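Summarising the annotation, Swiss-Prot assigns CoA binding site to ARG190, GLY191, SER192, LYS193, THR308, SER520, ARG581 and lists sequence analysis as the type of evidence. Feature annotation from Swiss-Prot assigns ATP binding site to GLY384, GLU385, PRO386, ASP408, THR409, TRP410, TRP411, GLN412, THR413, ASP497, ARG512, ARG523; the stated evidence is sequence analysis. What Swiss-Prot records for VAL534, HIS536, VAL539 is Mg(2+) binding site. The N6-acetyllysine feature in Swiss-Prot is assigned to LYS606.
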Amino acid sequence: MSDVKVYPVDPNVAANALINEEQYQEMYKRSIDDPAAFWAEQAEARIDWFKKWDNVLDFDLRKGHIKWFEGAKLNVSYNCIDRHLEKRGDKVAILWEGDNPAADRKITYRELSALVNKFANALKARGVKKGDRVCIYMPMIPEAAVAMLACTRIGAVHSIVFGGFSPDALRDRIIDAECRVVITADGGMRGSKKIPLRKNVETALAQCPNVHTCFVVQDTQLEIEWTEGRDVWYHEAIAAASADCPPEEMDAEDPLFVLYTSGSTGKPKGVLHTTGGYLLYASITHQYIFDYHEDDIYWCTADVGWVTGHTYIVYGPLANGATTLMFEGVPTYPDASRFWQVVDKHQVSIFYTAPTAIRSIMSQGDALVKATSRQSLRILGSVGEPINPEAWEWYYHVVGEGRCPIVDTWWQTETGGILITPLPGATPLKPGSATRPFFGVNPKVLSNEGKEMEGPCEGILVLDHPWPGMMRTVYGDHDRFINTYFANYPGYYFCGDGCRRDEDGYYWITGRVDDVINVSGHRLGTAEVESALVLHDQVAEAAVVGMPHEIKGQGIYAYVTLMSGVEPSDALKTELVKLVRKEIGPIASLDVIQFAPGLPKTRSGKIMRRILRKIAAHEVDTLGDTSTLADPSVVQNLIDNMPK
């Protein structure tokens, strides 16, 4: 790893940053040596409590037992809105950019307060009370954040289902979380297309007899069916409600939200996060990792249907009194310069997006980026999967013009917030590395036998101590929580990812542990092979899986998407085989390369490798659940064009 390029911290960035290297080392040491004292100090400084805690931390990882700030009382909406009103009442809280470039809205903290209070009262008027579950199935409009915060105001537990999910997936999540109220919109906009959200809800609710209320936001004027007595127009409910709703005092360990994430087997898991620890962790990670200052305009391009949207569009930024930008559209509409047009229009200073979006824009060339200014940008971020070094370099040099540190963040739905990440003023950067652990995070690397390894090594990434933002259970199934995260390696939280730790103590995420290929007894992380493939200037994206091999046990099967205008050829295949051998070694000889116009992805942009593994093994009759695919036709195309 010694030939890896290192980008030192810019002295100007360090001078103005909230955390420099010396402070990072001192705070990190304290957070590991005495976590209870460290987090108590942060909780005092960051959160307004109605009552302080009796005990900072009580845990037993073997039993999946984790409690932070027991006995403390707080309210999330109070911390995200009320406490800012005196000093920041007229500051923009939510800056909304519509799918249509001409559409935008600005909502101040004072205006947000009135909307949240009114909708909280509207929920109460329909019988919603503390502890009730409420399903939110919304487009990326401000009302989605209002609905989340209104639930927290009265102690209801929200369960957001991403607006791209099918009626069946929505039904399953409504039933599993036992929701009796649904909040939706008549439709949503995505790349100039109208998405029939309410129609999907109607289909789902036909099989959800326990849902007694459905609030509908009028957004796209799509015609919808109406069920009298059950359905309520959002705008009418708001108009009739009082703007005064006292915040419910919640225990720190009361549930805040349930968010479903796909399991490697069986039905989706309802990840349950609680109130005090989660909000504290959202606040501290948002402030320090993005080096957030009071005058920043902050934009995370995620959807609130994913955990990134929960923590880094809504709760983290608003807890810190920030202006958070919500974007309804897609990166390629009206064209692939849209992100940078929005950055210039709103003078965005902190920008957080996913590698899949970066690669998609990158494949369209540099001209559309360079046609924009982007001078307001000072911090760039990456989230969702490991970013390959080539995309990192392009993001750094072309988008950020070498001025903006990239925070390549590793975390999960289950962790509530970022765990491994650079800090802009403290961490020298290595393209493709998530670098170092955040405060209170103590990663360990285990061998296949479950033994801790020291120094530079490669193995299974685990954590041996809880942090405040971690999930507390799988909703309604604590045994599944224990079996998934704690049973494999007792005493550790098992995250399912592999990693490499280098000589500087930097962590490189090598992909899911089930995405490890074992070639003739040698372990290869799929992310490493993919990173090698996309070094080729004609490759837009690559996904690599293991395939059955008579001699080697597993061979390497690569699915490769090419840059626009590039034609597949045998000569190109030969170049790619040589490139991977050169980058990783002869052990990484590709057995099959399948060129494809697209890869099967979920609606959040994650590649569905399970399906790719099935195709590579010619097990196309047992693909399993494909309901979360953004474009099912991609799979059929791959099957039809499998190399003979």
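Backbone N, Cα and C atoms are what each Cβ position is placed from, and that goes for glycine too.
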Can you tell me the CA-to-CA distance separating GLY191 (CoA binding site) and PRO386 (ATP binding site), as a whole number of Å? 26
If we check Cα distances from VAL539 (Mg(2+) binding site), which of the recorded positions SER192, LYS193, THR308, LYS606 wins as closest? LYS606
Counting other CB atoms within 10 Å of each candidate's CB, the least crowded of the binding-site residues SER192, THR308, THR409, THR413 is SER192
Which recorded positions from the set LYS193, THR308, VAL534, ARG581, LYS606 come within 10 angstroms of THR413 (ATP binding site), judged by C-alpha positions? THR308
Cα-Cα, whole number of Å: THR409 (ATP binding site) versus SER192 (CoA binding site)? 31
Within 8 Å of the Cβ centroid of VAL534, HIS536, VAL539, the other same-chain residues by Cβ around the recorded Mg(2+) site are GLU390, LEU533, LEU535, ASP537, GLN538, ALA540, ALA542, VAL560, LEU576, LEU579
Using DSSP, would you call THR308 (CoA binding site) helix, strand or coil? helix
Quick one: give me the count of other CB atoms within 10 A of the CB of TRP411 (ATP binding site). 24
Nearest of the recorded positions to VAL534 (Mg(2+) binding site) by CA-CA distance, picking from SER192, THR308, TRP411, LYS606? LYS606
